[in-house]
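Engineer: Sending over a structure as structure tokens; questions will come in a sec.
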């Protein structure tokens with residue numbers, strides 16, 4: 001399995017096992033994000049500012065990277081620190097920041113179900129940009145696998161879960177009582193296309209940057225998350241009046257921040273040593289974890305669409321990474 005395929009060529013069994021464990025942990029953390037957020041709700045609402053959670057997550061990642069360099073877990077490059085190589089990471093931070101904000105604005109122009117289904121188009125945009133920017137050609141099997149992955153995401157989003165006693169999938173009993181009708185505006189469609197393009201570009205650009213620079217991953221992350229903290233600090237300060245930075249935080253909220261920070265570090269390792277395509281598979285496989293945790297913790301019901309999506313994901317993994 002090659003690096004472009006998301007594998008680690010030439011690794012012995014112990015290192016391959018650690019790579020597999022890292023991907024499984026990342027999948028679990030991605031899948032646990034939404035259920036953990038639901039457990040943070042007070043009277044049906046998140047009691048803290050979303051910008052606070054994003055800022056604290058970026059800050060946690062920055063501190064973990066700095067700690068890794070200070071204690072010598074990753075070697076500091078010899079000679080003067082190459083700070084001039086930090087500038088390109090500002091572009092990554094801007095792309096990720098724009099992407100995160102677009103997710104919020106998209107909700108104004110379409111219902112959540114439509115967004116969940118159509119947002120799977122970012123799998124296709126990421127694959128196209130991956131081939132163009134990294135000059136890697138996908139086989140017919142791999143293209144088919146990515147199409148199956150898109151279908152699985154749409155299938156799971158369209159009806160993988162439902163509230164007990166209701167035929168219309170809904171994230172909460174309150175929403176089930178008066179479900180939002182399916183809709184999308186022309187502006188919403190344009191923003192969705194922009195979101196998918198920026199999502200793919202941010203992933204591919206960061207991968208290309210990390211692989212071209214001969215710097216330790218912790219230092220590259222230090223550059224990236226420094227810009228991320230500065231950007232999100234500005235967004236938080238410019239967000240107008242609201243709860244304080246730590247106001248409304250609970251143990252569940254702290255777990256959300258910590259898990260997302262650790263997952264961000266794991267994903268940076270995937271971008272450095274694997275590929276953007278591997279990241280797509282991790283995110284898609286996390287849908288299964290998300291659905292199972294939602295069924296256990298939030299008492300939602302799994303539907304036939306969930307099992308179909310799980311089957312499609314399994315087939316996609318087999319097609320893309322199986323022997324040719």
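Backbone N, Cα and C define each Cβ position, glycine as well.
Just so you know, TrEMBL annotations are computer predictions that nobody has curated.
What TrEMBL shows for this protein is this:
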- 20-42: transmembrane segment (TRANSMEM)
- 54-75: transmembrane segment (TRANSMEM)
- 87-106: transmembrane segment (TRANSMEM)
- 143-163: transmembrane segment (TRANSMEM)
- 183-205: transmembrane segment (TRANSMEM)
- 217-237: transmembrane segment (TRANSMEM)
- 249-268: transmembrane segment (TRANSMEM)
- 280-298: transmembrane segment (TRANSMEM)
- 304-321: transmembrane segment (TRANSMEM)
Engineer: Have the transmembrane segment (280-298) and the transmembrane segment (143-163) got at least three CB pairs under 8 Å, pairs 6 or more apart in sequence?
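Structural biologist: The answer is yes, given that the two segments have at least 3 Cβ pairs within the 8 Å cut-off.
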Engineer: Does the transmembrane segment (143-163) reach the transmembrane segment (217-237) with at least 3 CB pairs under 8 A, where each pair is 6 or more residues apart?
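Structural biologist: No, since the transmembrane segment (143-163) and the transmembrane segment (217-237) share fewer than 3 Cβ pairs closer than 8 Å, they do not count as touching.
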Engineer: Which of 20-42, 183-205, 249-268, 304-321 has the most Cβ pairs closer than 8 Å to the transmembrane segment (54-75)?
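Structural biologist: The stretch with the most contacts is 249-268.
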Engineer: Against the transmembrane segment (217-237), which of these stretches has the most C-beta pairs under 8 Å: 20-42, 87-106, 183-205, 249-268, 304-321?
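Structural biologist: Of the candidates 20-42, 87-106, 183-205, 249-268, 304-321, 87-106 scores highest.
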Engineer: So which of 20-42, 87-106, 249-268, 304-321 has the most C-beta pairs under 8 Å when paired with the transmembrane segment (183-205)?
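Structural biologist: Answer is 87-106, with the largest number of Cβ pairs below 8 Å.
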Engineer: If you count Cβ pairs under 8 Å, which stretch among 87-106, 249-268, 304-321 touches the transmembrane segment (20-42) the most?
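Structural biologist: Maximum Cβ contact count belongs to 249-268.
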